[in-house]
Amino acid sequence: MSSESKEQYDLSPKDSAEGNDSTLSGIPVGPQKESSTDFKKFETSDQCRPHPRIHMELREKSDTNFKQFVIKKLQKSCQCSSTKVKNTVFDFLPVLRWLPKYDLKKNILGDLMSGLIVGILLVPQSIAYSLLAGQEPIYGLYTSFFASIIYFLLGTSRHISVGIFGILCLMIGEVVDRELHKAGYDPAYVPPSSGMVSNGSTLLNQTSHRLCDKSCYAITVGSTVTFMAGVYQVAMGFFQVGFVSVYLSDALLSGFVTGASFTILTSQAKYLLGLSLPRSNGVGSLITTWIHIFRNIHKTNLCDLITSLLCLLVLLPTKELNEHFKSKLKAPIPTELIVIVAATLASHFGKLHENYNSSIAEHIPTGFMPPKAPDWNLIPSVAVDAIAISIIGFAITVSLSEMFAKKHGYTVRANQEMYAIGFCNIIPSFFHCFTTSAALAKTLVKESTGCQTQLSGVVTALVLLLVLLVIAPLFYSLQKSVLGVITIVNLRGALRKFRDLPKMWKVSRMDTVIWFVTMLSSALLSTEIGLLVGVCFSMFCVILRTQKPKVSLLGLVEESEIFECVSAYKNLQTKPGIKIFRFIAPLYYINKECFKSALYKKTLNPVLVKVARKKAAKRKTKEETVTFSSGIQDEVSVQLSHDPLELHTIVIDCSAIQFLDTAGINTLKEVRRDYEAIGIQVLLAQCNPSVRNSLARGEYCKKEEENLLFYSVYEAMAFAVESQNQKGVCVLNGLSLSSD
């Protein structure tokens, strides 16, 4: 602080003692023993030198005609040149930018290794997650294959793995089961295994007409939902409404995934026990499913149960070992593929289906089926379901792509990511596929095994193509219980979130509550309702935080121009007659009453002062004769009511007020009017441009009163001292030390 500004607030010990007599203003006063020592260094002359004001000149805004603005934008958009066409094509197909510059020597080994390993992991997961989506195993392989190819062409992230994702499969499966039930199909119907398909070009077989109808209708529903989800995602990218994902906080997404994981686990439990049960839909489906399971527990297939337990005993420890030694292993052990191969061989040679009626995957055709358009008649039934699926899909994809881009030092384009994931759903929906998105587990594997570019996605697609063309029929005898175990084991990451709760509670209790509410509603109600409840509750929490925000009185940090909360820090200097109030929230219609009550409580209530003055004046006019003692009381009452208050200025620190609405502006006007009525001036400091514009539009002050807005709290406090000296009012020119 300059010597000039120090002199402005100097005070002699004598004046300090005189200034501490008043009790009306509630100005904090430090202990006597501290003031006797700390004020010595502030002793100087009583002369108050003017503090320089900050003046800033606004830039002149050019008057833009709306019609001209629109015409200019349209002309710019409609202009066509070879450069613009080239940039548009390259922006839409990012592969054209990076593939010609591909460093074969540097990147090829990592891309080959990561693509091969992810492809091996995707084979069992694609087959297993097909059951979760209510589809035949072949459709899961189709989905992962097409998603890998399309994201290679359109994606901007180098590392994420796009393909089949458990949460979206669950949401698709719920829609499929509902539509099957509405169409009159029995979801629990298990047909004979013979003759399901005849070749790779068709699934239609006259000997199993009922099954084919059900299977074909199921994938028709799934592909129609997928098409609509893709359309929504592309539309969001076109209209640049990716901001929707900001309403899905990390705590909300984590709680949603954990809650949905319980639903996934519940839906797969019947496969582990070998039970044939319909999938429960709607509110409370998790509880309903467990009720069905316990009612039919006596029908458990012992062969499936034993197989499930053996697979769990193998998969869980090896998964833990993979994670524990991932820094030492060049590639994770493909335990799932090993288990699937071993289980298929055991089921085939042990004839588990024939001898023990174990549920198996049955025939998986080779090759690709002819393209088929979604059922347009189903769109009205599934359009609403596709909204939640599309939002979850793009939110997870964009968040993962940005996370890994930041980690590896490159950038991704959020809008292009929405286009990419949208077309990863639209195009495959014509090829008997269901919804895809990025998946964290496979992305981590991809990154840890040396992935450098999305060329690894092509390698993954080639592995899946090999399975589709040659290997798929070999999984005929694979038990569904094994697929259920693989799905459940992959939920470990989501269920482990419970271990992070103590740390989350310590960091943010509000986020922890949001996590619990979203998790419980997603698990106990339904995935769609749980997501909606989570979004609404998190927005309510934001409103709640601004409805009752933190407020504080500020004091000056010694030898600086910084002000901090007097209740949080010791030895802050406060100026007698001036109180500095900070409100940490936007000031709008929800919290305007909180602002007023907090300000009146922390400083002085002008309404009570006016009431006290009126009462004292009435008593004096009514009482014509009084006793000696009552006369003294009356004299004191009138004096307290009419003499100038020691508190002469209130400075409102607006640095934490992000915006004002009409109610907020009117509240500030009302507060200023009430305080001025009792002789206290109100100054606003550190208003951001948005707040200043709102105050100007709301006519908070006249043109000649704009000097009541300050760029810093220190400047406002200096102005308060100068204005009191100019008025000739007795001002205590010094600083006292707060004991708070």
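A Cβ is built for glycine as well, from the same backbone N, Cα and C atoms used for every other residue.
Unlike curated records, TrEMBL annotations are generated automatically.
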Inset, instruction - Using TrEMBL as the reference, determine which range in 74-95, 272-293, 690-711 is annotated transmembrane segment. - result: 272-293
Legend entry - Selected stretch (most C-beta pairs under 8 A with the transmembrane segment (512-540)) from 138-154, 241-265, 272-293, 378-398, 461-491: 241-265
Inset, instruction - Mind pulling out the one from 108-132, 138-154, 378-398, 419-441, 461-491 with the most Cβ pairs under 8 angstroms to the transmembrane segment (272-293)? - result: 461-491
Inset, instruction - Between the transmembrane segment (378-398) and the stretches 138-154, 419-441, 461-491, work out which stretch tops the count of Cβ pairs under 8 Å. - result: 419-441
Inset, instruction - Within the domain 'STAS' (568-720) only, compute the mean pLDDT. - result: 80
